[in-house]
Amino acid sequence: MDGLPGRALGAACLLMLAVGSLGPGVWGSPTPPPLPAAPQPPPPPPGAPGGSQDTCTSCGGFRRPEELGRVDGDFLEAVKRHILNRLQMRGRPNITHAVPKAAMVTALRKLHAGKVREDGRVEIPHLDGHASPGADGQERVSEIISFAETDGLASSRVRLYFFISNEGNQNLFVVQASLWLYLKLLPYVLEKGGRRKVRVKVYGQEQGPGDRWAAVEKRVDLKRSGWHTFPLTEPIQALFSRGERRLSLDVQCDSCRELAVVPVFVDPGEESHRPFVVVQARLGDSRHRIRKRGLECDGRTNLCCRQQFFIDFRLIGWNDWIIAPTGYYGNYCEGSCPAYLAGVPGSASSFHTAVVNQYRMRGLNPGTVNSCCIPTKLSTMSMLYFDDEYNIVKRDVPNMIVEECGCA
């Protein structure tokens, strides 16, 4: 942590854990719930005027933004790095042009994933910045929505391209995947009560020339215009297994022209009917869970406790790619750690070992290094966001919210 400003040491200390407890660099909520009274400032670090030997040396430089009088740039960057780390992204997506709102709204509605308010904000159940109910300790399922691009060539067979995010993991297991295609009926004379029956064939296309294979074939009886789904679980699982992300599909509709049925592909006048692929995938992740109960900061104790704070994605300029929630309660840990509070097991002790080793490398005596107030329990939060390929990703992100704090 050499070279970091003193006021960023608290955030740097906690970033070594890659968890959700960062210094409260940014907060602010449209309608945040009332928070407990602000706790007393933690004791200054050893060696500083009024310093105490009960203070964790490695975290002693931490100061809250209300003490700094302004939003600190180091804390802001620490918050950003932490979010990207939890999403397994190297940097924020480069959003040069937005996905058409009509296409996004249609996809969300068809999946019953949420609704769009009149002001354009997306409301998703359980995506309110709090912990996801029942998410911890279970297999997490990511939901990825990828919109189609096309080669623009007019023919009975149209090739669609999808760039599907694998969420930074090569061992994703595809639970279910499907192509959503809108079939529009044009005026046509039919017998009373008759239906238009067409056969839609979807072919997968490998990277090599001529490597085409049948993915799915489906007979569709049409009475009105509407959406239809075509299963693609196995082809997309094979795509992920090869470490690839680009999915090429040839779509062919027999008898569509004769029966005045028009599959809607990529048409600027039909953005709300743009084809999309939905992938539900899971990644098993066994994590050691710590159930030690911690204190809430209420202004009446200087001991290690959890302090609430709200990170507003608009204030850090990330509301263009994070669709929901508008922010989240990251929370952080602060307070003193007397000797009798030390000894939290699991990740806490591992973290303490890392801190002690850092001081050994600096030639300091680890016997003088006391316990740190750090997260001992973290929870999962659901997020909906764009990735680099303009996929809409709905994901349960682990270790985002600090639930309890302890000493180690």
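Backbone N, Cα and C atoms are what each Cβ position is placed from, and that goes for glycine too.
As recorded in Swiss-Prot:
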type	residues	note
COMPBIAS	30-48	compositional bias 'Pro residues'
DISULFID	C297-C305	disulfide bond
DISULFID	C304-C373	disulfide bond
DISULFID	C333-C405	disulfide bond
DISULFID	C337-C407	disulfide bond
CARBOHYD	N94	N-linked glycosylation site
REGION	29-60	region 'Disordered'
SIGNAL	1-28	signal peptide
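Other C-beta atoms found within 10 angstroms of the C-beta of C305 (disulfide bond) number 23, with every protein chain shown included. Straight-line distance linking the Cα atoms of C305 (disulfide bond) and C407 (disulfide bond), rounded to a whole number, equals 9 Å. According to DSSP, C333 (disulfide bond) sits within a strand segment. Cα to Cα, C337 (disulfide bond) and C405 (disulfide bond) are separated by 11 Å. C333 (disulfide bond) sits 6 Å from C373 (disulfide bond), taking the CA atoms of both as reference points. Sparsest Cβ environment among the disulfide-bonded residues C337, C405 (other Cβ atoms counted within 10 Å): C337. Here the Cα atom of C405 (disulfide bond) is found 7 Å from that of C304 (disulfide bond).
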